[in-house]
Every structure is written in structure tokens, then in C-alpha cells.
Amino acid sequence: MTRLHIDWTLCDGRGLCTELLEEMLAEDDWGFPLARDGSAEPAVPAPLENAAAHAVSRCPMLALRLVGRTS
Amino acid sequence: MTDALWYFARGSGVVALVLLTVVVVLGIGARSGRPAFGLPRFAVSLVHRNAALLAVVFLVGHVIGLLFDPYAQLRFFDVVVPFVGNYRPVWQGFGTLGLDLLAAIVITSLLRHRLGVRAWRAVHWLAYLCWPVALLHGLGNGADRGTWWLWATSLTCAAAVTAAIGWRLSATFDRFPARAERRVAPRLRPHLEEASR
């Protein structure tokens, strides 16, 4: 199972990930991404893996990482 | 037919300048952290990247055209080492310098997930040097220098970049200006105000 890891020491709340991964992430009042399922490291459903990879590649602060990819 | 490379090299140089202008303006738009130019944030970032890669394609054409053009007689090391050319060495050198800078910026951007954000950003700042150098190269070196349309294109590009930099330096640029204040812990703020008095 792939999970999306957000490095909070790097995140600046630029909000590109919340645009690309609207299904998984919401913006808080300060623009920082929050997982909609409330977890710290949300699971990426298979249909969203592409979008998650886009979000990882577009993050201007390089704060996103996909972890635990087994396949 | 032998003129084809010459004209292609001139045309592709102008196209590259226009594309680099779009890249710089969109780069500043991306840094603003908000939707800009009618595009959502991720699209500003993507168009910034894709326009930059397209500019690289045109610059490769620009350089290859001049390398093989019998009139320009560009030597291979003129592409890498600035300010040693046979023809207008200073203005041609600006082109070489701009190419070197752009190569550094593009390569570090493609590798930024391995380099880390600090090293990548340090190199990316060179864009503010690369763009004016490219503009000067076009104004001083091109066979089309002095024509009204090259002046018009260059001035339009310069106006766009100047406006973007003015926006970048303005106080309203940051998407969340209040964040700067929050970086100081509340219990330390009175001390900060005292110190600044």
C-alpha cells in the first residue's frame, strides 16, 4: 500500500498538492494540507497514484514523498 | 539553402528570448503561492517548467544552427567558453554565458529531488542573471539588432519581466503575509518591538 508522507519541516503551505489531490487533501486555514481521512500519512488509493506522483513532483518545497510502495 | 541555418538560428534565438520571458514571469507567479494569470497553482508551475524545456529546444536549435552555418563560423568551444569568440566577443560571450547558466538551472531543476531544496534554489536564483544576459546578447549580437521589431520584442519582454520583479518585491507578494509575524513566538514579540525601537 502506497502512503503519502508530508514532511512538515519542509511544507510551506503553497497548496499545489491540495489542487492535484483534492480527493485526499484539504487546505487548512493557513494553506497547509490536511488528509481528509484524518491520518498523518494517508493511504493513496490505486486510482489516485498517478495524481499523487504529480503532487510529489510539483511540490515546490519537496515536502512530499510516496512511501511503502511494494510493487 | 545555405542561408536556411542562418535564418533559423536568428529566428530561434528570438523565440527563445520570448519563451524565457514567459518562464521568468511564470516562475515569479509560481513563487507567489497563489493562482496567477488565470491558472491554478499547479498549472502555473507546469507551464513554467514546460515553457523552460521548450526554450531549451529552441536554444539547442539556435546553437546547432550557428555551429553548422558557414557564415557564423562558430567553433565548438564558443558554445561553452564565453568571451573568446571571433565576432563581437563580448556580445557573443553573453549568449554563451546565458547558455551555461541556463544549462545549470535546467539540470539542477531536473535533479532537484536528489539535490534538495537549498542547493536547487541557490542555483535557480541565477535565472535573474541569466535572463538579462540573454536579452543583452540578442540586442548586441544579433544580425537583426537595431531593427524596430527586435527592439519592440525586447522592450516588451523587458517590460514584462520588470513588472513581474516589481510584483515580487512588493509587500503584497506573499500569499500569507501574516506568516512572517507568526515566525516569532508570541512571548518574544514584546522584546522584538523593544529591540527595533
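Residue numbers in this text run from 1 along the chain shown.
Note that Cβ sites are derived from N, Cα and C of the backbone, with glycine treated the same way.
Taken from TrEMBL, the feature transmembrane segment covers B:6-30, B:51-71, B:91-111, B:123-142, B:148-169. The feature domain 'Ferric oxidoreductase' is assigned by TrEMBL to B:12-133.
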>> Cβ pairs under 8 Å only, please: of the recorded stretches B:6-30, B:91-111, B:148-169, which one is richest in them relative to the transmembrane segment (B:123-142)?
In response: B:91-111
> Which residue counts does DSSP give the domain 'Ferric oxidoreductase' (B:12-133) for helix, strand and coil?
Replying inline: 93 helix, 2 strand, 27 coil
> Short question: which residues 6 or more past the ends of the transmembrane segment (B:91-111) have a Cβ under 8 Å from it?
Replying inline: 20, 49, 52-53, 55-56, 59, 63, 78-85, 119-120, 123-124, 126-127, 129-130, 133-134, 136-137, 140-141
> For the domain 'Ferric oxidoreductase' (B:12-133), what is the mean per-residue pLDDT, to the nearest integer?
Replying inline: 93
